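Per Swiss-Prot, the feature FAD binding site maps to G11, G12, G13, H14, A15, G16, V123, S178, Q367; the stated evidence is sequence analysis. If you look up Swiss-Prot, you'll see 270-284 marked as NAD(+) binding site, on the strength of sequence analysis.
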Amino acid sequence: MQNSFDVIVVGGGHAGTEAAAAAARLGVRTLLLTQNLDTIGQMSCNPAIGGIGKGHLVKEVDALGGIMALAIDQAGIQFRTLNASKGPAVRATRAQADRSLYKRAVRRLLEDIPALQLFQGMVGDLLMEGDRLGGVILETGLVLRAAQVVLTTGTFLGGRVHMGDQNYPAGRAGDPPSNALAQRLREMAFPVARLKTGTPPRIDGRSIDYGVLEAQPGDAPPPAFSFMTRRIGVPQLACHITHTNARTHEIIQTNLHQSAMYGGHIQSVGPRYCPSIEDKVVRFADKASHQVFLEPEGLDTHEVYPNGISTSLPFGVQIELVRSMRGLENAVLLRPGYAIEYDYLDPRELHPSLESRRLPGLFCAGQINGTTGYEEAAAQGLLAGLNAARRARELAAWTPGRHEAYLGVMVDDLVTRGLDEPYRMFTSRAEYRLQLREDNADLRLTPHGRALGLVDDQRWTAFSAKQDAVQAERNRLEGLRIHPGSAIAGRIAAKTDQPLSRDVTALELLRRPDWDYASLLQVLDLVPCSDAQACEQLEIECKYAGYVARQHDEITRAARWEGTDIPADMDYAAVRGLSTEVMQRLARQRPQTIGLASRIPGVTPAAVSLLLIHVKRRGLRQAG
């Protein structure tokens, strides 16, 4: 094995696999290091991909040539569109995964990339050559060299598992933590803090009484994640729903002192939007019950994931609380639930490229940046891997803007605002979510991906064909003019109770709220275009055209100062009128642009105006 690479990625989870794939797609020599090759792409917690905000990220990763969407399409055993009754901007795809199929799909996709090499080993230290990053040192002493290193350590960095009053070092149950690297980062004065997350016990599905439970089937046909997938070929399964009850809550309340969290064994903050069952019972004491989704873990296993009861209670209490729920009276538990604490680095120490400000060449992605979720990790991994490869080629970093992608929103939030709890993506975090939809992720990002070298010929050809189909259908509908008094106008009046008063095109009708694409074509007696994705995109574009145009105007106005560079040597004390607090915040984070400065907590609009004036005056003085 060679020991010199352009990019080394540490960690084989969802961030690491995307980082390695992105870097290698650019053709640079890339090494993916993981402590166990058999766990590459492993789903450590829930067997699912997507959801509100998260599905948008998966589509964006796919639009940029990533692997997550392709892998879940090859492994998904139930697909659903969430918020299907709401507007397209907040609709999101979610899929249950067969864990084994997903892991195999990820491994296969990675092994198909020529410039990527996999290796099993635990990183114990960063190789420093003076004050420059030179690679990594494995715990075996093996030295691997690269000027660019991407850390995607997940929950392994100083990880410690908790169950009741018992705890032990682990990256997840059954896998050792990365303690030597965690200690090294602390010694190097990186800003390290602790977060926690958790997972529920697993149940033997043969011990569940499904006959008394509500079934939750997937959509038919299943909605694929990848823009490259035309059909889901994996057999589909239903999930089931049960609920906690008064007895469940009594068991939890009685044993709360034994919980690792409430017993004082864990001080770290967990994810607000994925609380443990103990948290739910305490924080929402007025609720009589909570939903629990029983999710199959695969086609060839009886193991079931009870989504909604993450816990750090002792195992005996876990058995009792599970068996208190309808349909689970005789449940057999296969694995205990637990909480896990781990180290993360303050993401405000990163550039928007996800490169460290403290140590050039070091990139971070995933839970090491304080985020939670496979999808958030994958999106960061792709960006970090891309920019590590671009740095290796001495090219400028690339990061999408907040108006271009949820990835841009997330990274901007992380590097400007930081966090005090695990960060999860929601559509509500985006100012311009009307144009950040799942359906147009390819339109927004695939041209960027092509220019950056992430998108191959096959994907580019498919994207171009789809856009040609959208334009052809737009032209067809725009060219179909309907006259008042015609037979078609009569059918339209019969449907809407409103006769036409002037000539209209079919495209104008599609823009109206009382028409959808299918019913319009039925009235006009037209066959739909052959590309279903193209039909959907055209319809949504028509419906949102006015709103998107207004948002585009907002973006254009903001862009006048958003991208204005702030000199790296800016003396904030010289900016007249800034408060001491604002001055200190700006000096600590040293934002690269006015836009980034405007989103730092505590930096007021008035302060932004003063800063903008100062930067412009400084530029004029230097020019003169």
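Here the Cβ of each residue, glycine as well, is placed from N, Cα and C on the backbone.
Taking CA atoms as the reference points, R272 (NAD(+) binding site) and Q367 (FAD binding site) are 15 Å apart. For the binding-site residues shown (G13, C274, F284, Q367), fewest C-beta neighbours within 10 angstroms: F284. Long-range Cβ proximity for G270 (NAD(+) binding site), meaning a same-chain Cβ under 8 A and a gap of 6 or more residues, is found for L195, K196, T197, G198, M261, S276, D279, A339, E421, P422. The Cβ of E278 (NAD(+) binding site) lies under 8 Å from the Cβ of I252, L256, S259, M261, Y262, T311, S312, L313, each on the same chain and at least six residues away in sequence. By neighbour count, meaning other C-beta atoms within 10 Å, the densest spot among the binding-site residues R272, K280 is K280. Neighbour counts were taken as the number of other C-beta atoms within 10 angstroms of each residue's C-beta; across the binding-site residues A15, V282, the minimum falls on V282. A helical conformation is recorded for K280 (NAD(+) binding site) in the three-state DSSP classification. If you draw a 10 Å sphere around the CB of S276 (NAD(+) binding site), it holds 28 other CB atoms from the protein chains shown.
Comment: FAD site residues G11, G12, G13, H14, A15, G16, V123, S178, Q367; largest CA to CA distance 18 Å, whole number. Of all the binding-site residues in the record (C274, K280, V282, F284), the one with the smallest CA separation from V123 (FAD binding site) is C274. Taking a C-beta cut-off of under 8 angstroms and a sequence separation of 6 or more, G11 (FAD binding site) has the following same-chain neighbours: L33, T34, L151, T152, T153, G154, F156, G366. In the three-state DSSP assignment, the secondary structure recorded for A15 (FAD binding site) is helix.
Neighbour density for V123 (FAD binding site): within 10 A of its CB lie 26 other CB atoms from the protein chains shown. DSSP assigns R272 (NAD(+) binding site) to coil in the three-state reduction, outside any helix or strand. When the Cα of F284 (NAD(+) binding site) is compared against those of the binding-site residues G13, A15, Q367, the shortest separation belongs to Q367. Between the CA atoms of A15 (FAD binding site) and C274 (NAD(+) binding site) there is a gap of 20 Å. A separation of roughly 26 Å, to the nearest angstrom, links the Cα atoms of V282 (NAD(+) binding site) and Q367 (FAD binding site).
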